[in-house]
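What TrEMBL says about this one:
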type	residues	note
DOMAIN	10-147	domain 'Nucleoside diphosphate kinase-like'
BINDING	K18, F66, R94, T100, R111, N121	ATP binding site
ACT_SITE	H124	active site, pros-phosphohistidine intermediate
Amino acid sequence: CLVTALQNARERTLIAVKPDGVQRRLVGQIIQRFEQRGFKLVGLKMVQASHGILSEHYGELRTKPFFQSLLTYMSSGPVVVMVWEGHNVVQASRKMVGQTNPAEAPAGTIRGDFSVHVSRNVVHASDSQEGAQKEIQLWFQGKDLLDWDCCDQIYTIEV
Ligand code: IDP
């Protein structure tokens, strides 16, 4: 029914254009891919991320040898952090973004089209619905996420 379909369409994910993506002026093209797929933008901001927020965001990677260089990279310039909403958006975004290592990401994915090395892979996408919830809470205040009706949303949900 329509109510369930609208409910399912409220899944959210956190997408971030990393400092290399911002520096290389890829923000517009990355946003365009999510727009044209049919997802709805419900929050967006440009941030100079601190090591504090990045350590929390990447907490699961704390023991990895590349952790410190990851924080240095991610705080080397502004990031554009966004929340996108829509049916199956978490899984769909991971597919659109491609594998962590751009060498393995097929052409047609964001990483496969715009990056070459794992340490500079242009974009972040939450990897699960629980992860997305935590990340959205970490980066955004509730009041900065807008609940708005997109005039075409009846064409991007399950019918
Ligand atoms: P994901 O971004 O595809 O979810 P994760 O394994 O969670 O992948 O890693 C987070 C980020 O850490 C990657 O996007 C990448 O920027 C960085 N990273 C992962 N593996 C390596 C590595 O082997 N060397 C350098 N950076 C890495």
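Numbers here mean position along the shown chain, with the first residue as 1.
Cβ atoms are placed via backbone N, Cα and C, with glycine included.
Note: TrEMBL annotation is automatic and uncurated.
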Seminar exercise, completed: Helix, strand and coil residue totals from DSSP for the domain 'Nucleoside diphosphate kinase-like' (10-147) stand at 65 helix, 28 strand, 45 coil
Exercise. Under 6 Å from ligand 1 by Cβ, which binding-site residues from F66, T100, R111?
Worked result: F66, T100
Seminar exercise, completed: Over the domain 'Nucleoside diphosphate kinase-like' (10-147) the mean pLDDT stands at 98
Problem set entry | Integer Cα-Cα distance in angstrom, H124 (active site, pros-phosphohistidine intermediate) to K18 (ATP binding site) | 7
For this session: By Cβ count within 10 Å, point out the most packed of the recorded positions listed: R111, H124.
Result: R111
For this session: Compute all pairwise C-alpha distances among K18, F66, R94, T100, R111, N121, the residues listed as binding ATP, and give the largest one in whole angstrom.
Result: 22
